[in-house]
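Here is the structure we will look at, set down as structure tokens.
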């Protein structure tokens with residue numbers, strides 16, 4: 001008997017020779033969809049407990065602080081002498097800090113008198129920005145130099161790496177007290193320099209004392225992060241550059257800096273965020289000197305006078321740090337992309 005053309009003997013009708021079942025693709029698609037759905041639900045089951053903990057530990061306090069920032073501080077009612085809740089304040093707490101306006105006994109907004117916490121907001125912002133820019137710049141420069149030295153092969157390298165990390169491992173409060181004794185009027189600094197500088201009392205000496213202490217403590221952290229990036233650079237690249245006759249400066253500028261840039265960006269971002277929250281070092285070292293008062297110190301001082309005003313200040317501080325972080329991430333991220341694209345394209349002919 002002749003076999004019909006286009007079919008194979010024994011094959012089901014509607015199935016082409018050497019082909020597959022037309023419904024197989026739809027079945028595989030449904031199975032893949034079902035599998036991805038199960039994976040998605042399983043992922044959510046693993047993530048939800050963490051999200052719940054974050055919502056309780058971080059989310060609720062943040063929301064509560066924002067709500068409190070729009071309320072007046074509790075205090076004595078001048079008419080009855082009774083302790084009462086403050087009530088709704090609107091943006092009064094924010095204008096108190098940003099515009100440096102205080103409320104007079106008659107309820108009129110006036111300029112905050114000199115010496116009050118409200119009058120120190122912008123000076124605290126300036127001190128915080130000054131410390132951040134100077135310390136991060138010095139720590140990046142010194143940390144890069146230290147990382148390059150620790151990345152070389154020499155006898156005792158492991159001991160040097162361990163010794164360098166000691167300042168970073170010391171608690172900040174201990175570091176502040178250590179440098180407090182060094183910068184005391186009869187301390188080692190004045191003895192070695194032969195001076196009588198009031199390092200913790202005068203304005204600029206106190207600022208320099210904070211910068212020196214912070215750079216001494218945190219530079220090893222920067223060096224550690226940068227060293228991790230340096231160790232990712234293949235040594236073959238340096239050998240090829242030496243063969244081509246590149247000098248040490250050319251190898252540093254054209255090889256080391258471009259390839260260590262991603263790690264350097266991460267180090268700068270982390271250190272900047274930490275410097276913007278500086279509190280314990282200047283607070284302990286200078287004992288509340290107005291010349292070294294940062295925004296975090298101002299928040300803690302305000303907590304002792306009113307929680308709601310302190311909540312407004314902490315919210316402002318959060319927004320400032322978030323804005324700086326956003327700018328850094330956008331700016332540094334764009335540079336990272338450009339660096340990777342340049343590396344893929346290679347040098348221009």
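Using N, Cα and C of the backbone, Cβ positions are placed for all residues, glycine too.
The transmembrane segment annotation in TrEMBL falls on one of the ranges 215-234, 235-254, 255-274, namely 215-234.
As annotated in TrEMBL, transmembrane segment covers the listed stretch 162-182 rather than the other ranges in 78-98, 99-119, 162-182. Within the set 43-63, 190-210, 295-315, the record from TrEMBL flags 43-63 under the feature transmembrane segment.
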